[in-house]
Amino acid sequence: MMMKSLICLSLILLPLVSVVEGLGGGGGLGSRKPIKNVSDPDVVAVAKYAIEEHNKESKEKLVFVKVVEGTTQVVSGTKYDLKIAAKDGGGKIKNYEAVVVEKLWLHSKSLESFKAL
């Protein structure tokens, strides 16, 4: 009887484990995932936030052009590692790397780093 119970339990739990692993995109909890749609309004909003915060801190006047590429990682919130194209004060388009952590439940974002590439 005990063996039948273990077999039944295994048959129930194994598919559940597979589903949970599948939801993680194959990378596991905390792994980086490429952003498939860099034009997604939420991604663009995070990139614009990064530029606005950088402009405040540095007194530069960068203007957002587009998100070139990026990854997300679930940490204590969502960590965005973005490559952003922006125009500098002279009108030249350059690429920048920004790291932003967004905590939706707290309605907060923080710019962790921003640098020219």
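Just so you know, glycine gets a Cβ as well, placed from its N, Cα and C.
Here the structure is a predicted model, which means the values were calculated and not measured.
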Given 3-7, 18-22, 73-77, 93-97, which one carries Swiss-Prot's motif 'Secondary area of contact' label?
73-77
Please report the distance from the Cα of G30 (site 'Reactive site') to the Cα of N37 (N-linked glycosylation site), rounded to the nearest angstrom.
20
Provide the three-state DSSP residue tally for the motif 'Secondary area of contact' (73-77): helix first, then strand, then coil.
0 helix, 4 strand, 1 coil
Neighbourhood of N37 (N-linked glycosylation site) by C-beta distance under 8 A, where only residues 6 or more apart in the same chain count:
V43
